[in-house]
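**Student:** Not my notes, these are from Swiss-Prot:
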- Y18, C61, N66, D100, L101, S139, F140, C156: S-adenosyl-L-homocysteine binding site (BINDING)
- H154: site 'Involved in substrate discrimination' (SITE)
- Y157, H160, W161, Y355: theobromine binding site (BINDING)
- N178, D260, F262, N263: Mg(2+) binding site (BINDING)
- V266: site 'Involved in substrate discrimination' (SITE)
- E330: site 'Involved in substrate discrimination' (SITE)
Amino acid sequence: MELQEVLHMNEGEGDTSYAKNASYNLALAKVKPFLEQCIRELLRANLPNINKYIKVADLGCASGPNTLLTVRDIVQSIDKVGQEEKNELERPTIQIFLNDLFQNDFNSVFKLLPSFYRKLEKENGRKIGSCLISAMPGSFYGRLFPEESMHFLHSCYSVHWLSQVPSGLVIELGIGANKGSIYSSKGCRPPVQKAYLDQFTKDFTTFLRIHSEELFSHGRMLLTCICKGVELDARNAIDLLEMAINDLVVEGHLEEEKLDSFNLPVYIPSAEEVKCIVEEEGSFEILYLETFKVLYDAGFSIDDEHIKAEYVASSVRAVYEPILASHFGEAIIPDIFHRFAKHAAKVLPLGKGFYNNLIISLAKKPEKSDV
């Protein structure tokens, strides 16, 4: 099975669907001030036709209500900043392209659009037709839009997904080179770490180059991704997932070879690695780069560690179940996340269960002829 066929969130609206379980409202709340500042700089840059329309894309949009939470924040930021900066002008039409892989459940988003448009008109005064939302399926590691056609590109929790599992893991190091691990965890051998970093560098460089070509000169890009932290004893969600799968091997429910032959196409970069790749690629100026933390159970009101742990397990399952099921089989998925919840219940009370996040705002450098 092709990797892109299983790189999608759980579909539909069931208990383990992405629509029901993914909750990154706190991350969006932390990102919003940066989003508003990015939009403010964009409107001041006087890009082509920006007073008439603004063309935006959300790269790696996923599915369900969270997709439209991002869209809402983008629209609200454009309207708020527009009123502050150019209140004598009419609101520009906003065209938003939702991008994800072909297998993404776009229909779950489209079903929400009628109520979303009505709410936008009620709360923002935006008449239906002044905000146009459509899908642009395809890998964001390839061309999506014509050259110099976009004003603003946004991506949240997507660029840590690689285009493929690093080929060097099998070709150069051999099957099982990443023994006992499912990604480039802290305990991996240096050659495994290098293989993952090399793949991320290649993919992220391609991402920057291709999308810089799609942006107008001085266009903006705002990226939020999971990043490495300095805490030696912290556990991210993939660490807990790895521990859960290892439990099944130790208990005899899963063959060791099955674990050793599985590697997630995910790399969690450091802030310095991201900064260096952007500078080396050269198409963008870094306007600002900051990091922040989000607890796994942030915003969860029930004060019960086991219920919180089940909630975290459901959220992580919504993201990783398709790719796990394609390798390990669907039957063992409940067992994986039952053990995941047990590990989560241990780290949550200690404050060690959180995501480190990086947010970076980029401006496309002008062509020499534009200077």
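Cβ coordinates are placed from backbone N, Cα and C, and glycine is handled just like the others.
Thinking about packing and proximity, how do these listed features fit into the structure?
**Tutor:** According to DSSP, S139 (S-adenosyl-L-homocysteine binding site) sits in a coil region rather than a helix or strand.
Under the three-state DSSP scheme, H154 (site 'Involved in substrate discrimination') falls in the strand class. Its Cβ taken as reference, H154 (site 'Involved in substrate discrimination') is surrounded by 25 other Cβ atoms within 10 Å in the chains shown.
Under the three-state DSSP scheme, Y355 (theobromine binding site) falls in the strand class.
According to DSSP, N263 (Mg(2+) binding site) is assigned to coil rather than to any helix or strand. Residues within less than 8 Å, Cβ to Cβ, of N263 (Mg(2+) binding site) and separated from it by at least 6 positions along the same chain comprise V165, P166, L169, N178, S181, I182, Y183.
Around V266 (site 'Involved in substrate discrimination'), taking its Cβ as the centre, 18 other Cβ atoms fall within 10 Å, counting all chains.
Take the CB of E330 (site 'Involved in substrate discrimination') and look out to 10 A: across all protein chains shown you find 11 other CB atoms.
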**Student:** Can you tell which of the binding-site residues C61, N66, D260, F262, Y355 lies nearest to H154 (site 'Involved in substrate discrimination') in space, using Cα positions?
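**Tutor:** It is C61, whose Cα lies nearest.
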**Student:** Which chain neighbours of the Mg(2+) site, leaving out N178, D260, F262, N263, have a Cβ atom within 8 Å of the mean position of the site's Cβ atoms?
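**Tutor:** Those within range, site residues removed, are L169, G176, A177, K179, S181, I182, L259, S261.
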**Student:** Quick check for the class: what is the C-alpha distance, in angstrom and rounded, between H160 (theobromine binding site) and D260 (Mg(2+) binding site)?
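**Tutor:** H160 (theobromine binding site) and D260 (Mg(2+) binding site) have their Cα atoms 21 Å apart.
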**Student:** By a simple count of other Cβ atoms within 10 Å, which of D100, D260, the binding-site residues in the record, is least packed?
**Tutor:** D260
**Student:** Any idea what the Cα distance is from D100 (S-adenosyl-L-homocysteine binding site) over to Y355 (theobromine binding site), rounded to a whole Å?
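**Tutor:** About 22 Å separates the two Cα atoms.
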